[in-house]
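K.L.:
To start, I am sharing the structure in question, which I have written as structure tokens.
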Amino acid sequence: MAGSGHGSGGPPPSSPRYRYLDLLFALLGAAAFLADLVADLWVASSYMQAGHCLWGGLVLALLGLSSLAMQFFSWAWYQTDDIEQDLPSGRCLAVVHLLQLGYLYRCLRMLRVGWRVCRAETAPQQERGYAVFLSHDISMLRLFETFLESTPQLTLALAIVLHTNKVELFQGLGICTASLCVAWSLLDYHQSLRCFLLDKHELGPLSSTIYFLWNFFLLCPRILAVALFATLFPCYIGLHFLGIWAAMLLWVWLQGTAFMECPRWEWLYRATVAVILYFCWFNVAKGQTRQRSAIYHGFILVDSVLLAGFWLWYNTPLRELSYLRPVLLAALLCSGLGLLLRITYYQWLHPTLQTRRQESYDEVDTAEGLAGFRAGPAPAPVNTRMYQLSQNHFLLSLQAGRNQGNGVLDDMSL
């Protein structure tokens with residue numbers, strides 16, 4: 001099975017469609033990646049020229065570590081995916097990834113395949129499925145890059161601005177674009193998950209907006225709290241990160257993830273997810289997640305309040321930084337609004353609970369054949385890594401809908 005993780009079994013779902021809009025987003029995503037790379041190099045060189053070698057080195061270190069992780073995931077997936085497509089030899093793929101070009105190679109390959117599919121009036125299902133397959137892997141790699149590089153760099157930039165009490169042009173633009181890129185990456189990932197649902201469950205404009213906003217409103221206060229603490233205790237923020245990251249890594253391990261084919265590679269995935277959980281919620285396992293989500297958000301809220309509280313206590317009264325009073329108040333309001341929008345999303349805008357019997361879909365009550373998911377014979381390649389995550393997010397909700405009909409969700413998975 002193409003792209004299968006050892007946690008997924010049974011027949012694969014049928015492949016979603018690939019449209020010109022998907023091709024446009026793929027092109028914009030590749031362009032954004034290149035623009036972000038140029039911006040990172042510009043920021044690092046600006047710090048270096050100003051004599052701040054440590055700041056410039058941190059930017060480059062985050063860029064390098066993120067690139068290494070992305071290349072490894074991309075290469076590992078090529079090793080385990082069984083896809084009948086024109087791929088270079090294993091040695092050529094290894095060289096491409098060693099040169100840190102694996103992600104760009106995937107983007108170019110997806111653009112070529114996607115253009116061929118969109119131009120053909122009746123594209124073969126194999127070709128159509130392969131275009132969607134590639135887009136899902138790129139969406140996942142983009143999510144990893146966002147939380148391994150963009151979010152930490154955003155936190156670093158904000159901490160530097162607070163430390164120097166001034167904003168350079170490149171810093172302001174970098175902070176704004178990075179914030180939007182982080183939230184957009186989450187939205188793109190969520191849309192990829194919904195591709196495996198029936199058309200009536202796909203993400204609409206209203207639900208897309210609400211999903212974007214509640215992620216944005218919950219993530220920004222967390223980044224601000226970490227940045228404030230970093231300006232006060234720059235030597236201890238690393239210990240704080242390692243402590244929270246280790247706790248999240250243990251939590252992910254206890255949930256028994258099975259995303260990668262190789263158990264040793266699975267630990268890299270868990271470590272990456274632990275970094276994501278340092279900043280925001282990410283569901284990795286099937287089951288009733290309301291309790292897990294409540295525990296996580298409560299823990300992160302308390303931690304963020306403590307970080308900001310330490311900074312506020314050491315900097316009272318706020319004379320030179322008086323502008324931060326409304327900022328801190330706005331951050332608190334953003335957290336409350338984000339939680340409210342999250343509840344709104346899962347109460348009224350989550351995939352429809354009521355399921356219907358349709359002749360073109362298998363309604364066997366199993367993980368892979370549950371009504372609400374695309375199912376049935378699928379000769380086209382299906383990205384079962386993303387399909388497995390889609391089940392983690394939606395399966396229990398759709399099961400509840402099948403048993404209860406229309407009603408309130410009992411499962412609050414991301």
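Quick reminder: no glycine exception, Cβ is built from N, Cα and C everywhere.
Annotations in TrEMBL come from automatic prediction, not curation.
The transmembrane segment feature in TrEMBL is assigned to 20-43, 55-76, 88-105, 169-189, 209-230, 237-255, 267-285, 294-314, 326-348.
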K.L.:
Applying the under-8 angstroms CB criterion, which one of 20-43, 55-76, 88-105, 237-255 scores highest with the transmembrane segment (209-230)?
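P.N.:
Looking at each of 20-43, 55-76, 88-105, 237-255 in turn, the most contacts to the transmembrane segment (209-230) are made by 237-255.
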K.L.:
Going along the chain, which residues at least six beyond the ends of the transmembrane segment (20-43) come within the CB cut-off of under 8 Å?
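P.N.:
Distant contacts of the transmembrane segment (20-43): 56, 59-60, 63, 103-104, 107-108, 110-111, 114-115, 118, 131-132, 135, 138, 142, 145, 149-150, 153, 157, 170-171, 173-174, 177, 181, 188.
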K.L.:
Using a cut-off of under 8 Å between C-beta atoms, tell me which stretch among 55-76, 237-255, 267-285, 294-314, 326-348 contacts the transmembrane segment (88-105) the most.
P.N.:
55-76
K.L.:
What residues elsewhere in the chain lie close to the transmembrane segment (294-314), defined as a C-beta under 8 angstroms and at least 6 residues from its ends?
P.N.:
218, 221-222, 224-226, 228-229, 231-233, 240, 244, 277, 281, 328, 331, 335, 339
K.L.:
What same-chain residues lie close to the transmembrane segment (55-76): Cβ under 8 Å, and 6 or more beyond its ends?
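P.N.:
Cβ under 8 Å, 6 or more out: 37, 40-41, 43-48, 93-94, 97-98, 100, 102-103, 106, 137, 140-141, 144-145, 148-149, 152-153, 156, 160, 260-262, 265, 268-269, 272.
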